[in-house]
Amino acid sequence: MPAARPQYLLDTNVISAVSPRQAAQHPALVQWIEAKADLLWLSTISIVDIEAGIAAAERKGATRKAPVLAHWLEAISHYYADRILTIDMPAAREIGRLLEHAAATGHNCDFEDIAIAGIAKSRGLVVLTRNVKDFEPFHPLGVALHNPFDTLPPG
């Protein structure tokens, strides 16, 4: 029996690579994301990050940037609608374990990264992120990582 293809949880910096302002900088990654969409998941944590970026752009008077990003967020929210993961009970328990591990090992990690790692681990997903160093403290606990900006992942 063939091995199951890996599935991936996109960190905010990876889904942002397909945003209107960044897509031209990462054509191979954009093409891979489009081709492998059935293997990809988003988290509500990334939606929060993107929405915060839109709100900051609005506050700063970025009258062109904010509406473009808002439209893009609507588009990806619709496209990934059935593949946007929340913090459910299994994820919450993993996040709690990862928070404690970070504290016990002296790692000062952002909650957003810990939450993405916990959501991914609870569902057996590989975290795709440019910021591998932010997630490395959790690799020994079974959080799988890959930097698609270095090499495109298998799948």
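Placed from the backbone N, Cα and C atoms, the Cβ positions cover glycine too.
The Mg(2+) binding site annotation in TrEMBL covers Asp11, Asp113. What TrEMBL lists as domain 'PIN' is 8-131.
The number of other Cβ atoms within 10 Å of the Cβ belonging to Asp11 (Mg(2+) binding site), over all protein chains shown, comes to 29.
Its own atom aside, the Cβ of Asp113 (Mg(2+) binding site) has 22 Cβ atoms within 10 angstroms in the protein chains shown. If you average pLDDT over the domain 'PIN' (8-131) in this model, you get 96.
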